[in-house]
Each structure stands twice: as C-alpha cells, then as structure tokens.
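These come from Swiss-Prot:
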| type | residues | note |
| --- | --- | --- |
| SIGNAL | 1-19 | signal peptide |
| REGION | 115-143 | region 'Disordered' |
| REGION | 146-287 | region 'Phospholipase A2-like' |
| BINDING | Trp154, Gly156, Gly158, Asp181 | Ca(2+) binding site |
| DISULFID | Cys155-Cys177 | disulfide bond |
| CARBOHYD | Asn163 | N-linked glycosylation site |
| DISULFID | Cys176-Cys216 | disulfide bond |
| ACT_SITE | His180 | active site |
| DISULFID | Cys183-Cys209 | disulfide bond |
| DISULFID | Cys207-Cys240 | disulfide bond |
| ACT_SITE | Asp210 | active site |
| CARBOHYD | Asn276 | N-linked glycosylation site |
| REGION | 285-350 | region 'Disordered' |
| COMPBIAS | 314-324 | compositional bias 'Low complexity' |
Amino acid sequence: MGVLGVLLGVLAFLEGSHTRHWDSTSCHLVQPIPGNPLGSLSFLGKDAQGLALFQAFWDTHHRLQVCIRQDESELITAFRALCAHEPLQHSFIQTPGPALQRALATLQSQWEACQRSQDSPTGAREKRAIEQSGAPDREHRRRRRGWTIPGTLWCGVGNSAENASELGVFHGPDLCCREHDQCPQTISPLQYNYGIRNFRFHTISHCDCDARFQQCLRSQGDSISDIMGVAFFNVLEIPCFVLKEQEACVAWNWWGGCRAYGSTPLAHLRPRTYYNASWKAEATSYTPSPQSPAPSKHPQKRGPQQTQARRHSTTTTTPFQTPAISSRPDMIPRGQPGVPHLGFQDGPKHQSAHRVCRSLRHLDQCEHQIKPQETKFHLLNSAQMPLFHCDCTRRLARFLRLHSPPAGTDKVWDLLGTTCFKLAPQLDCAEGKGCSRDHRAIKVSARHLQRLHKSRLHFRDKGTGGALAQPVEPPGSTMSFYSQCLQVTQAIWRRRGQKKFWSS
C-alpha cells in the first residue's frame, strides 16, 4: 500500500512543463542510496514564481527519476521550520560544496526534460514496468519498492525498509507511516472493494486508521511529522471511509443477475479531516543562500554526531559541502534495525530504554495470545487489550527485573494488566472423541505482573518514572506494545536530550 508522502503524493498536482530556473537555494537535504551518494535531494529554491520546495530522486545509475516542485505555503513553512529550528537541522546543508553545486546545476538543466518524461504516457509505462520488474538485474529496484521522503523508510510511495522493524532517521513519523501502512481496511488506487471503486491515484483507508495516523503524527511534535500531516490531509485531501452492514448482492449469476442477497460491509466515503500543524510560526527573516556562495571564514564547531562518526570511519570530508562546514554531516545516515539514531540518544539510558522496548516486541510475537473481544481456547477475552500466555509475560517480567522500565512509559506497562492465561486439557473430554489435544485457556492472576506493577509504582513514587511524554494509544488500539513503547521513549529523548546533544 504505502502512505503517500508529502513530496511524492503531490505528483498529481504537478503543473504543465515550464522552465524552472531557481536563483538561489538553501536548506539542502541529501540522502544517499546504495551505489549513489546522491539518491535524493530536497531544498528550498527561489525562482521567477517565488519560493518553492524542490525534490529530485536518482537511481543507482545516477539517472534522474523524479523531480517535483511544490509551492504550498504550509509545506514550505514546515520544511523551513525543520531546517531552522529542529535539533536535526545539522542534517541540512546551508552552503553547498562544489559537488552539490554541480548537482544543482545539472538538475537545473534537466528539470524540464524530467517533468516532460513524468507527464508522458511513455514515462508512466516505464515506471509501471520498473515497479513490476523482478528480474535479477533489477535487484536494487526490488529493494527500493517506492520513493520515500528523505530520512524515512515508510513515508512515501511504497517503502525502502529492508525488514518490518527498520526505521529511518526520522523515527517518529516513520513509525506512524509504518503503522498506517498496516491498516487492514483499504481500497487501492483504481481498485474495487467494499462496494465502491477508488478512482483516485492514492490508496484510501478506513477512517479509524486515518484518525490513528493523524494522532500519531501530532504526538511526535516535530516539523517532519507536520509536513506529512499537512500533505496527506490538507494538500492531497485524501478521504477515508467507514463500513456499514447493508443488504447487497453476495452471489451473481453468470449472465449478471443477482443469485443471492445477504448482509455485507459496504464503504461510505467521509471527507478528509483537516490537519492543524503544531509548529510555531515565528517571524524569522529568510535569506536563501546563493547557489555559488563564497567559502565561509568561520568554520562551525564540530558536533558530537561527527565526533562519534569519526570513531568508526576514516572519512573526514564530503564533496557536497564547502570546506568551511565540512565538519557538519551532510547526509542522513540510513536507519539500521535495532540501532537508534544519534539524534535520539542520551547516553546509556537510551540504549537501555531501547532494549526494554525490544523486549515488548517478543511479547507482541507471543505464540499464544487472545486478542480483544476474541474467543480462543474456549475463552472470551472481553478486555480491550490482548491477553497473553503466562510464559510470555513471565519472560517479560524476568527481563524487566534486570532492566528498569524507561522513564515516562508508565501507561504502557499499565496496559499489560495483571492477568494472563494458562492452557490445560479439557476435563470432560472422553477418549475416542478426538479432543485429547484440545486445550482450554484458564485466566489467572499473574503474581509476576503484580510485582512488576508494584515495582513501577515504587519507581514513580521516587520520582524516577517521570511524566508521560505523550499519550499512548487508547485501549483497543491495534498499535503493538513495542510501537507504543518506542513512540513514547523517542518523544522523551527528543524533548529532553536532543537540544543538549546538538548544542554541545
């Protein structure tokens, strides 16, 4: 499926081919791909029509694939806020080096041809062929199933993740996009489902999924999440749908007449919900840097991210920056599974928090669990959260005794409750009836969960628990325990440690 990204989904709104010549550029965001150090480039540019947000994407053979110009004021404001005010502003290049200047000049000369190829039927057919190709010589295309927003692996058309647990640099919005991608009720572009055909070029989802997506983006409290929200809900104006049981034809005769009627869920479209961005519209002067700037005489102070990177790499400069600011990282490193980005670190405490969240992933993958309102093993789980086998919760409690829960995640542990279930053979199963292996679940009070609950209260009373940084998903949510824990801890470290980290 794939959440339609802010800068990629707007392809439907691209205007006709006009010559674009930006006079000045700033806020350059570069991301490499395997085989190409310049896989994507995003920047603010000023042309004859005013300030705009430009995006370009190349393949591993350095061929320009996609080029986008977007001049919605909300998107420009969000991108500018991300560049100027966020702790991750060091990922942006303000003064391009020689290599980046050459890339900008080449892009400028190819811009019109790139847009013509996108608008032509031949170009559309080539893109579809690329997406559907599975030949061995196109392995890099299978690995990158769609274009994503720089710094994310799930926000865009398709995703670029190697596995389901991998997240990009912008962990928060990427987590939201990944959860939205897993919505069980969707209608793909130009497909028929739930009694209606989606004539749009974007997937539409159930309204509950869109509501959770918007809530997740709001809870991040950063500009890249606002960019996603503004694009998806305000610019693209993608509707959602609700399902209602109605009488409809459930079986058709071969000549087209209805053979049988029955109750079936049918989709009813609802208008999109407006996204209110959370960034502060501060009155700041904006002066784009010239495309061919003079080298600065005042090198910036080396940040701790680069200091850390030097311990593992012999590379000291990059070709996309001027020597004056070569100490600043110019490319967003790709997120690795299980390894948090430096921007979210706060020493060993963060690593411990990440390990604890990973322990919840094992709980989510527990083989024996009963989902909310589900009857399994002859037991109805009437609660609004999953009920797990006692072996799974006992393993979690044993781990948490060695690794204290992350500060601020109280509500996540509250959702676990203090009960679990055991499996026992049925007592009234007579021999020869084929039910000797049929077990029934017995709900019991878990002493190990009660001890965990008391321990959590003890830490909170001592003041080490901290305040909850953001609301977790409401009971009954489909978001996993691991995702909720990761979402909370990332918000905590972002608010408490990022500014100190990047300013040191």
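Cβ coordinates are placed from backbone N, Cα and C, and glycine is handled just like the others.
Shown here: features listed in Swiss-Prot, placed on the structure.
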{"residue": "Trp154", "record": "Ca(2+) binding site", "Cβ within 10 Å": "28"}
{"residue": "Cys155", "record": "disulfide bond", "Cβ within 10 Å": "36"}
{"residue": "Asn163", "record": "N-linked glycosylation site", "Cβ within 10 Å": "7"}
{"residue": "Cys176", "record": "disulfide bond", "Cβ within 10 Å": "30"}
{"residue": "Cys207", "record": "disulfide bond", "Cβ within 10 Å": "19"}
{"residue": "Cys209", "record": "disulfide bond", "Cβ within 10 Å": "20"}
{"residue": "Asp210", "record": "active site", "Cβ within 10 Å": "22"}
{"residue": "Cys216", "record": "disulfide bond", "Cβ within 10 Å": "25"}
{"residue": "Cys240", "record": "disulfide bond", "Cβ within 10 Å": "24"}
{"residue": "Asn276", "record": "N-linked glycosylation site", "Cβ within 10 Å": "12"}
Site of maximum Cβ density within 10 Å, from disulfide-bonded residues Cys177, Cys183
Cys177
Near His180 (active site) in space, meaning Cα within 10 angstroms, which of the recorded positions do we find among Asn163, Cys207, Cys240, Asn276?
none
Give me the Cα-Cα distance between Cys209 (disulfide bond) and Cys240 (disulfide bond), rounded to a whole Å.
9
Out of His180, Asp181, which of the recorded positions has the smallest number of neighbouring Cβ atoms within 10 Å?
Asp181
Structural state census, the region 'Phospholipase A2-like' (146-287) (DSSP three-state):
38 helix, 38 strand, 66 coil
Check the region 'Phospholipase A2-like' (146-287) for me and report the mean pLDDT.
79
Taking only the recorded positions Trp154, Cys155, Asn163, Cys177, which one has a CA atom nearest to the CA atom of Cys216 (disulfide bond)?
Cys177
Would you kindly give the Cα-Cα distance separating Cys176 (disulfide bond) and Cys183 (disulfide bond), rounded to the nearest Å?
11
